[in-house]
Amino acid sequence: MAWGCFVVLLLLVAAPLRLGQHLHLKPGFQYSYDCGVQGMQLLVFPRPNQTIQFKVLDEFGNRFEVNNCSICYHWVISEAQKPAVFSADYKGCHVLEKQDGRFHLRVFIQAVLPNGRVDTAQDVTLICPKPDHILTPESYLAPPTTPQPFIPHTFALHPISGHTLAGSGHTGLTTLYPETHPTPAPPSSEPGPVGPTVPQSQWGTLGSWELTELDSIGTHLLQERCQVASGHIPCMVKGSSEEACQQAGCCYDNTKEMPCYYGNTVTLQCFRSGYFTLVMSQETALTHGVMLDNVHLAYAPNGCPPTQKTSAFVVFHVPLTLCGTAIQVVGKQLVYENQLVSNIEVQTGPQGSITRDGVFRLHVRCIFNASDFLPIRASIFSPQPPAPVTRSGPLRLELRIATDKTFSSYYQGSDYPLVRLLQEPVYIEVRLLQRTDPGLALMLHQCWATPSASPFEQPQWPILSDGCPFKGDNYRTQMVAADRATLPFWSHYQRFTIATFTLLDSSSQNALRGQVYFFCSASACHPVGSETCSTTCDSEIARHRRSSGHHNSTIRALDIVSSPGAVGFEDAPKLEPSGSTRNSGSRPLLWVLQLLALTLVLGDGVLVGLSWAWAWA
């Protein structure tokens, strides 16, 4: 019984010691925040079935909802079962700058369960730079000595020794241990190993993690880190020499099939081509109490899966501008930052939940000198527009009658039916509605008149045939060009003038005293290549085309538009065709007989009058 109590006590004591190596626990939440050059970032790890929500507090304690807002410079990434990230710029809303030059932001954190109930809530004050850690751009943005292009720069998670490579970029990996501050060795003028001396670790403030910033480029790995049993991943390095491989932070063994490969550590490579490569080994993951399958990039909003995954390694090779990588411009340097984190696998039992996974978070940083990038003179040629898709479809057309030849005003619906004298001009316009493509052109095919509102009513009289004035009319229809100066889309209009006429009954040749309606069939044309959308009415081809068909054979495949109303005629006289000779010989004789009868009547009247005059005399 005594041994059992001893074992239980030992486990309870040992567990906090192990967890203390990775994070500081505080009742409520496990969280951490970082101070950057232009802003601060809060990272909160939720418990199972929790979703983290953020609010900010002003100086009076009022709470305000936090959303992705470019005006307040707030950004939030919060998903169930994943770490929640809240980023705020130093010039963002409710960020206060104190007299000591530090920025303060009060954040209210609450964990919400799936049923909507708030499980835990806590206030956190973010202070940047941190009181016990002064962050300056010069502390990690020191430019390299002799820039050389096209060399990837790497850094390992556990640098035992290292030296600075010549190149235009820096890399940094930040491990999250409790306030372990490395003391850099004095700079050396000659290339060689530079080993950071690490003082004895001491615990910091509960509820936050302090950063151990390890700035080095091209870390040489110890031989024990290069003992990779299987599943070697070739290192991305230019050249195949041992020196180039080691400068890239990789292992070299000329006895192997791939002599340059990644070691048992975390390797970061930053490339001037716009990519970074992050490689983590299974041995490193197990050392930190995490599973390699649970490692991912923290800032990726929709997930950014590894480009390669084996039983021994996981590889991320992604563009610098993707996967949630943050970019900052500090002076003449570009800083790209992201984090490699691991999810906690929780096992739920009938009476509680446990986990055997540690908490792992690694801050990665790529730094480039912007002045080292060469300018590019580019000429941008706009691609050819795609060929138009031609197919049948509805068109909105309108036929209207103008009040005069200027086509500046038009009759309204209440003005119909119009009354016109024979041979008086009628000004007709057809236009395309609800189209703004200047390349479209309205094409008239057939225009005709009928005595009713039906376009198929008989009799009919053609006005335009195949887009040209009907040649069988002695009063030829006159086409009127659209005014390009006043019309925004002049090709959407067609205008013509006709002389007023009345339709005759086909059998009696009597004038129809009803009204006349006008119709036109039309389509929209879009020129392709050397083709045009104009109609030529003076060529032999056009005359042949016009005489080869009739409007009744084409109107069913086209859109038909009609006039808003009819044109009527008052007291239309009975007309005879000019070529008719019916009863032409008898009509003069009838007139002579009528004149003779009238003369006889008048003569009789005169004789009677004279007789009465003589009698009185």
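Cβ atoms are placed via backbone N, Cα and C, with glycine included.
Here the candidates are C251, C260, C270, and Swiss-Prot names C251 as the disulfide partner of C226. Disulfide annotation in Swiss-Prot: C235 is bonded to C250, selected among C250, C270. According to Swiss-Prot, the listed position annotated as pyrrolidone carboxylic acid out of Q21, Q223, Q269 is Q21. Note on N49 (N-linked glycosylation site): other Cβ atoms within 10 Å of its Cβ, all shown chains, come to 16. Note: the Cα of N49 (N-linked glycosylation site) and the Cα of N369 (N-linked glycosylation site) are spaced 44 Å from each other. In the structure shown, across all protein chains, N369 is the one of the glycosylation sites N68, N369 with the greatest number of other Cβ atoms within 10 Å. Taken together, the residues of the domain 'ZP' (269-540) have an average pLDDT of 84.
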